[in-house]
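Here TrEMBL flags 11-123, 127-222, 227-300 as domain 'Ig-like'. Under the heading signal peptide, TrEMBL lists 1-28. For 346-366, the entry in TrEMBL reads transmembrane segment.
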Amino acid sequence: AFPFSLRFLTPFKFHFLVCICLFCEVEGQNLATDNVSVIEGEMATISCRVKNNDDSVIQLLNPNRQTIYFKDVRPLKDSRFQLVNFSDNELRVSLSNVSLSDEGRYVCQLYTDPPQEAYADITVLVPPGSPIIESREDVVSEGNETELTCTAIGSKPAASIRWMKGEEELTGETTVEETYDRMFTVSSRVRFSVTKEDDGVPVDCIIDHPAVKDLLAQRHLEVLYKPEVKIVVTYPEGLTREGDNLDLTCIAEGKPHPHQINWLRVDEDVPPHAVVTGSDLYIENLNKSYNGTYRCVASNAVGEAYDDYILYVYDAPTTIPTPTTNPVNTQDSRAGEGAPQKIDHAVIGGVVAVVMFAILCALIVLGRYFARHKGTYFTHEAKGADDAADADTAIINAEGGHNNTDEKKEYYI
């Protein structure tokens, strides 16, 4: 009821008031729905909801405006649509085995005057097939560049591709191709240089797509690298001295395994009686003429590498040598850096000679001192006796004689 008489309204004002009232009624019922994303082959659910419904009829239409459900009745002959719930406030319908042809805008319609509509867009997601990873070459040598390509076929929307080499993320070049059926094929290519540390490292092509998780392809790198060489002293454990034997072992690892190991002496010939057995070098009865740098060279299909051992032969010990924990012989992996430590016997001999010389000088000085004092004593006793005819006269003529012995006394300390 209006609070005033309609006879006071002009026709224009009357129609305007009716429109306002109808608008209030429609807005008060609040029809709503939601967009739906569904993976191809799975089930989608559409919900038409009404707030404050005044017994108006709810129906659901497909993208072609065909009625799927009118209240709880399904006029459309498609059994994939099933009624989930019907009440005054909701019409909920499920669609099973969704395909790309089901994608589009569905309409929730409320029979009012004028009718209300709300729209639910169904998006069908198509996961890509298993990714395919390919390499330009199966085996690559260290220092060279390799190229990998990963392809994800038939997805909707287009997938994205990431690369991982171990724990390191790589950046690839991506291309996207759309096919006639609204599907996408994505390819990504990555290039990088390899080192020997990359041998056996996994490279992952990871696919990111809203319809699938944890989809990847993996390939392990196979890297060829030149040998790594190390010389190990098998005998002796300490210093190498004249008369000792020397036994060296060359350890070489590479991919492929080294096919050749050679021993040589840098700038000189190997001693004639040295024995080389495989990776071992044996020299017996060492002497100083064997001093020098001994090198082990290993090679494979990729290249060659070497390690050096510097031999320094010490004098044979004359006494029991003091055990040493730090061998003087040194090894160098390339240039033979570092020289053996040499004990300077000349310095020790010089110190001993200086000490002996000092002792001798001290003895000479003391001898002269004692000799001087002793001579003065005898001269004093014989003073005035040089002119005496005999011993008795010399004693009488001596200065002071025996009569003065009490007044003048001499002490010799």
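Using N, Cα and C of the backbone, Cβ positions are placed for all residues, glycine too.
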- Model confidence over the domain 'Ig-like' (127-222), averaged pLDDT: 95
- Mind checking how the domain 'Ig-like' (127-222) divides into helix, strand and coil residues in DSSP? 3 helix, 60 strand, 33 coil
- Item | Counts by DSSP class (helix H/G/I, strand E/B, coil) across the domain 'Ig-like' (11-123) | 22 helix, 49 strand, 42 coil
